[in-house]
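Chemist: My structure is below; once you've seen it, I'll send some questions.
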Amino acid sequence: MDEMNKVNKRVVDHSYYQTHPTMSQVDLASLVDFNKRSFWVSVGTILWNPLFWNCVAQNEYHNKTITKTLRGNRYLGCYLLAITIFSLGMFRDAMYHNALKEQPASDLINPAIAKPLAAVLFVVGQTFVLTSTWALGITGTFLGDYFGILMSERVTGFPFNVVENPMYVGSTMCFAATALWYSSPAGLLLTLLVHIVYSIALRYEGPFTTMIYSRAAKQSKAQ
């Protein structure tokens, strides 16, 4: 009888692990389909956007290419760049959603936990993005300082009193929320890429913006 019970227990355990695989039993290559073109298109758009706006902005600061093309109208230049960046962001998000549709969902991400967490992350992330845009305005959000359009003082209210870079943090949270909603390991991998790209961008943007305002303050005192 004891032997029969042991056999039955092994059968039950084997059946359980067939339907509830552990991380060690999962083929990691099966979590993300790297053969899908849509995945690499999403990677490309995630990498391209910060590279584009940083190159354009620094060129504008040093050479005033856009302002000169528009006959000195720096505000129009900033607004046009804002439209371009916003459009590229929408395209990137669309490519991200398209990539997730072609990627496998994983049983390792429990929807009962992941979906409520995704909803919270999305709401908080969008709140950070929208409120930071409201606080900074169009020119403050979309690199107006590179056009010489400086804010009179640093914004320290919400959401900047919660996180230092709410636009980037909020955007990353929304990427993570979407990945969790679809139980997508590929989405989480792409979210990690977003975080890395934003972190690298901030290493250049932060000090450069500080330099712009420091130089403007010195020029103001000299006058």
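Just so you know, glycine gets a Cβ as well, placed from its N, Cα and C.
Just so you know, TrEMBL annotations are computer predictions that nobody has curated.
From TrEMBL, here are the annotated features:
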type: TOPO_DOM; residues: 1-36; note: topological domain 'Lumenal'
type: INTRAMEM; residues: 37-57; note: intramembrane segment
type: TOPO_DOM; residues: 58-69; note: topological domain 'Lumenal'
type: TRANSMEM; residues: 76-97; note: transmembrane segment
type: TOPO_DOM; residues: 92-118; note: topological domain 'Cytoplasmic'
type: TRANSMEM; residues: 117-144; note: transmembrane segment
type: BINDING; residues: VAL123, VAL124, GLY125, GLU205, GLY206; note: S-adenosyl-L-methionine binding site
type: TOPO_DOM; residues: 140-182; note: topological domain 'Lumenal'
type: TRANSMEM; residues: 188-205; note: transmembrane segment
type: TOPO_DOM; residues: 204-223; note: topological domain 'Cytoplasmic'
Chemist: If I take every residue in the topological domain 'Lumenal' (58-69) and average their pLDDT values, what number comes out?
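Modeler: Mean pLDDT for the topological domain 'Lumenal' (58-69): 96.
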Chemist: Please give the maximum pairwise Cα distance, in Å and rounded to a whole number, for the S-adenosyl-L-methionine-binding set VAL123, VAL124, GLY125, GLU205, GLY206.
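Modeler: Across VAL123, VAL124, GLY125, GLU205, GLY206, the two farthest Cα atoms sit 26 Å apart.
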Chemist: In which DSSP state, out of helix, strand and coil, do we find GLY206 (S-adenosyl-L-methionine binding site)?
Modeler: helix
Chemist: What does DSSP give as the helix, strand and coil breakdown of the topological domain 'Lumenal' (140-182)?
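Modeler: Grouping H, G, I as helix and E, B as strand yields 22 helix, 0 strand, 21 coil.
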Chemist: Compile a sequence-ordered list of residues in the same chain as GLU205 (S-adenosyl-L-methionine binding site), six or more apart from it, whose Cβ lies below 8 A from its Cβ; state 'none' when nothing qualifies.
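Modeler: Looking at Cβ-Cβ distances below 8 Å from GLU205 (S-adenosyl-L-methionine binding site), excluding near sequence neighbours, one finds ASN54.
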Chemist: Grab the same-chain neighbours of the topological domain 'Lumenal' (58-69) for me: Cβ-Cβ under 8 Å, and only residues 6 or more beyond its ends, written as numbers and ranges.
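Modeler: Result: 77, 80-81, 143, 146-147, 208, 212.
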Chemist: What does the DSSP secondary structure composition of the topological domain 'Lumenal' (58-69) look like, as residue counts for helix, strand and coil?
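Modeler: For that range the per-state counts are 11 helix, 0 strand, 1 coil.
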Chemist: Including all protein chains shown, what's the count of other C-beta atoms within 10 A of the C-beta of GLY206 (S-adenosyl-L-methionine binding site)?
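Modeler: By my count, 12.
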Chemist: Give the number of CB atoms, excluding that of GLY125 (S-adenosyl-L-methionine binding site) itself, located within 10 Å of its CB.
Modeler: 21
Chemist: Just to verify: the residue among VAL123, VAL124 with the fewest other Cβ atoms within 10 Å, which of the binding-site residues is it?
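Modeler: Counting other Cβ atoms within 10 Å of each of the binding-site residues VAL123, VAL124, the minimum falls on VAL123.
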